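Q: Here it is, the structure in full.
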């Protein structure tokens, strides 16, 4: 049986393309890190409050 040869550079080229794509998207969106931390904090507080409300309703 003949062996199939793999192209060596495809994976690296694809990875570099993905990094460039996400860098471009990140530049367009511009979300401040404080907003991300604030949203995560608010979501965790809401989750705890909802859990307490559901436990109290039982």
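Cβ atoms are placed via backbone N, Cα and C, with glycine included.
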Q: Could you tell me which of the ranges 11-32, 33-54 is annotated in Swiss-Prot as transmembrane segment?
A: 33-54
Q: How do the residues of the topological domain 'Extracellular' (55-58) split into helix, strand and coil according to DSSP?
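A: Per DSSP, the residues of the topological domain 'Extracellular' (55-58) fall into 3 helix, 0 strand, 1 coil.
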